[in-house]
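All remarks here apply to the structure that follows.
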Amino acid sequence: MSGPLVVLVGPMGVGKSTVGQLLAERLGVTYRDTDDDIVAEQGRTIAEIFVDEGEPVFRAIEKAAVHRALAEHDGVLALGGGAILDADTRALLAGQRVVYLSMDVEEAVKRTGLNAARPLLAVNPRKQWRELMEARRHLYEEVATAVVATDGRMPEEVTEIALDALELKEA
Ligand code: S3P
């Protein structure tokens, strides 16, 4: 299988970067995050891209960044929460080892709360979360080869469960 050793998907705030870095450490590989790639390439924050150019332009930038990272990176790769909205990206993920980190809406509201840095949740976070997850849950499930529920769990525990699910843990 070429491409990353593990790809992490799931909604914003679920802990992809924390768990991703722990997983990479445990597996002795490097960690990469497509949101970080976008910020580095664009020289501005994701919130600024949304405000300056709107979501469709952000999604096009994101799609290119995700496809580049899938081709280049061989460690743990975390994708931005909305990357799976793109059908071509989902098709590329079909041959990959993909872990979906899930959480329920109440946990999501608790974790991301009133975080204005996340442009999709700026107003009425509970309603936005419900709609967002209704639209996306099946897409996360479609690309996932393993699902790890993070509700009430610390990142270390989530990492152990993901390692078990992936059967990649060293003896
Ligand atoms: C988004 C998730 C964010 C970021 C952008 C849009 C989404 O990434 O790409 O704010 O649509 O769910 P994280 O999941 O890394 O927070």
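Using the three backbone atoms N, Cα and C, a Cβ is placed for every residue, glycine included.
Annotated ATP binding site per TrEMBL: Gly13, Val14, Gly15, Lys16, Ser17, Thr18, Arg118, Arg153, in sequence order. Around the Cβ of Gly15 (ATP binding site), the same chain contributes Leu101, Thr150, Pro155, Val158, each under 8 angstroms and 6 or more positions distant in sequence. According to DSSP, Gly15 (ATP binding site) sits in a coil region rather than a helix or strand.
Taken from TrEMBL, the feature Mg(2+) binding site covers Ser17. Taking the Cβ of Ser17 (ATP binding site) as centre and 10 Å as the limit, one finds 15 other Cβ atoms among all the protein chains shown.
Annotation comment: TrEMBL describes Asp35, Arg59, Gly81, Arg136 as substrate binding site. Residue density at Arg59 (substrate binding site): 16 other Cβ atoms are found within 10 A of its Cβ, drawing on all protein chains shown.
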Neighbour count (Cβ, 10 Å) for Thr18 (ATP binding site): 16
Rounded Cα-Cα span from Arg59 (substrate binding site) to Val14 (ATP binding site), Å: 20
Between Asp35 (substrate binding site) and Thr18 (ATP binding site), the C-alpha gap once rounded to whole angstrom: 14
Spatial neighbour of Arg136 (substrate binding site) that is closest, considering only the binding-site residues Ser17, Thr18, Arg153 and their CA atoms: Ser17
Nearest of the binding-site residues (Lys16, Thr18, Arg153) to Gly81 (substrate binding site) - Cα to Cα: Lys16
Helix, strand or coil at Arg59 (substrate binding site) [DSSP, three-state]: helix
